[in-house]
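Provided herewith is a single structure, encoded as structure tokens, for subsequent inquiry.
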Amino acid sequence: MRLSLWGSLLFFSFFVKHLTSLDPNTDAYHLSSFFSAMRLPNSPQAHTFSSLCSWPGVVVCDSSENVLHISASGLDLSGSIPDNTIGKMSKLQTLDLSGNKITSLPSDLWSLSLLESLNLSSNRISEPLPSNIGNFMSLHTLDLSFNSISGKIPAAISNLVNLTTLKLHNNDFQFGVPPELVHCRSLLSIDLSSNRLNESLPVGFGSAFPLLKSLNLSRNLFQGSLIGVLHENVETVDLSENRFDGHILQLIPGHKHNWSSLIHLDLSDNSFVGHIFNGLSSAHKLGHLNLACNRFRAQEFPEIGKLSALHYLNLSRTNLTNIIPREISRLSHLKVLDLSSNNLTGHVPMLSVKNIEVLDLSLNKLDGDIPRPLLEKLAMMQRFNFSFNNLTFCNPNFSQETIQRSFINIRNNCPFAAKPIITKGKKVNKKNTGLKIGLGLAISMAFLLIGLLLILVALRVRRKSRTWATKLAINNTEPNSPDQHDSTTDIKQATQIPVVMIDKPLMKMTLADLKAATFNFDRGTMLWEGKSGPTYGAVLPGGFRAALKVIPSGTTLTDTEVSIAFERLARINHPNLFPLCGYCIATEQRIAIYEDLDMVNLQSLLHNNGDDSAPWRLRHKIALGTARALAFLHHGCIPPMVHGEVKAATILLDSSQEPRLADFGLVKLLDEQFPGSESLDGYTPPEQERNASPTLESDVYSFGVVLLELVSGKKPEGDLVNWVRGLVRQGQGLRAIDPTMQETVPEDEIAEAVKIGYLCTADLPWKRPTMQQVVGLLKDISPNY
């Protein structure tokens, strides 16, 4: 290892030594300077131009000693590229610096007017793109994916009229897509996925690219309608995890269903309406179809029997009714089938079980027996779920854990095993045989009754005992106190109670793992506590970091109803919500499991951050993101979902300081009588002082308190709301501004934020704005955000 390092240093020293022998006005000199500045180990010897051009796979030159192509992918180049290096190679046509650790680009890079292909993917570039990117008039391929580039996509990109491939995915681009992009009519592939792009797409976007084969806009914040994107040449379209709305037929130009080229279509997690189009039969190459989680009208199963290439089909939460057609058995290549959360009826049809790996038919109204060939295949599948139907099954080989996870509310109709009475060498006496059978049945029934009585007694005793998690949180019990029991029986029971990990079905755990990871839910592992229960930090088996929310006991919901609620919560997806990834139902304890992404909550940011005050831009970003999350719960979910505990402690900030609202949907799992005046805090509206249940309007009030907390930097204690409202009525709202903000405070913006907080905290619920209106008001404060 030492010899190798010493050899690299010798190479590098020799490389720098001969740099001075090159003409400073040649490509050889600029290239040598580039490799030297980027600390390239094992660099090529630079004493002649030919030695540079002979380095295989990296540099290609012409006879005039011009560098035409540079391919330096994955060479561990690091740092900033200085000026007067590659930016001076005026004949350069191809530049591939992908898979390195480059942090910034030289200002003269954009002068390379002959550049045809630029690949800077998988680096560490964070600075915004300059407008002079439009100088690349000859560019065909632009790949800046997997960086941290922020700001807008510059309008000057419209100058790249020869562009065929645009890859900007997995960055931090914000705002909307520039309208000028529609002038790049040669585009074959567009990938803008996994950014923070929002607003509506430019007018004519769908029909602007007649040659387009691949479009990926997934995992952004786009809204509005999209017209004419599913034209006859397109092969791949992914619009998932956005806020697109409008009729689904608008996607089809002229409503002509000619999709002979379509291979991949994903429209999931949007708000499209209408009916699933029945013209899919022409898409004979279609292999991946995902239309899940939209707002389609009630409809029968679409025609899919001719989609022989289909290997992935997800139509969950698409409002399907009636039966699953038998023609689905023709799909012999199908690997994933998800039809969950619909209103499907009838029997489970015979499926082609040869290739299937994932099957989810849960939360429907299916009845009858599950086909035996399908049951026999389940052991070889990655994931399956038949829960919450009217189905029956018989497979004595299933473990109790499997039944509790995938057959919830499903009847096991396996008969009791009975050994036949066999008499060897003697004639059977029918009278004695009948007597023995009767006696055996009587004894069996007696044992059964005794067993049932023992179970009832055990349950009664267990109800009277103190629960292990909630009591510990409420009473602050010490780990070794006599009130806390941890008997061998408890441990045995804990190992038999499964944990359901929704997106990680192969991750097998039990309640015992959760207890071990939190030291039996010790207060020392608690992250925060609220009305919906304490939340504990844990590292689960396999190194999975989790946040475990223990919901207080006493709810009137059955285990089945709680399971349904958890499954539905797990399907709610929004960039500003902290998603549920699993759950555990343990007698009277209901545990929600979230992935702990090492986030900080807003309460800590504002009040436990010493002298390091959060700037106004960040505070506005947090307010807007939280408002969007609440607007989605109130107006994007059917039926509308009340949060019930909006406060600084339940607003988490990820690594990009994007807010994630936690604990949503848990209010349904609490007592019907929501905690009243004895648990009031500064976020509670006046009407809840009378033990009223939380409402959409009370969520708005709580958000208003959070907004005033962001503006003032004060904790919601004492009389914060009345103090700020009094200042506003006196025309002195600016006095509420947090004096610790470090930057020059845009007083006009903060004054508007104070007014929004004033509106949200109105005494009368009907005077408060909706969360949709609040989002609009916050966007108007800083329209460029």
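Indices start at 1 and increase along the chain as displayed.
Placement of Cβ uses the backbone N, Cα and C atoms for every residue, glycine included.
Sharing the record's features from Swiss-Prot:
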- 1-21: signal peptide (SIGNAL)
- 64-88: repeat 'LRR 1' (REPEAT)
- 89-112: repeat 'LRR 2' (REPEAT)
- 138-160: repeat 'LRR 4' (REPEAT)
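Describe the structural context of each listed feature in the structure shown, including burial, neighbouring residues and relevant distances.
Across the repeat 'LRR 1' (64-88), the model assigns an average pLDDT of 86.
Beyond its flanks by at least six residues, the repeat 'LRR 2' (89-112) meets 27, 30-31, 38, 60, 62, 66-83, 118-127, 130, 132-133, 135-136, 138, 143 of its own chain at Cβ-Cβ distances under 8 Å.
For the repeat 'LRR 4' (138-160), the DSSP counts in helix, strand and coil order read 5 helix, 5 strand, 13 coil.
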Would you list the DSSP helix, strand and coil counts for the residues of the repeat 'LRR 1' (64-88)?
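Counting residues per DSSP class in the repeat 'LRR 1' (64-88), I get 3 helix, 8 strand, 14 coil.
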In the repeat 'LRR 2' (89-112), how many residues does DSSP put in helix, strand and coil?
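Counting residues by DSSP class gives 5 helix, 7 strand, 12 coil.
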Restricting to the same chain and to residues at least six past its boundaries, which positions have a Cβ under 8 Å from a Cβ of the repeat 'LRR 4' (138-160)?
93, 98, 113-132, 166-175, 177-184, 191-192, 197
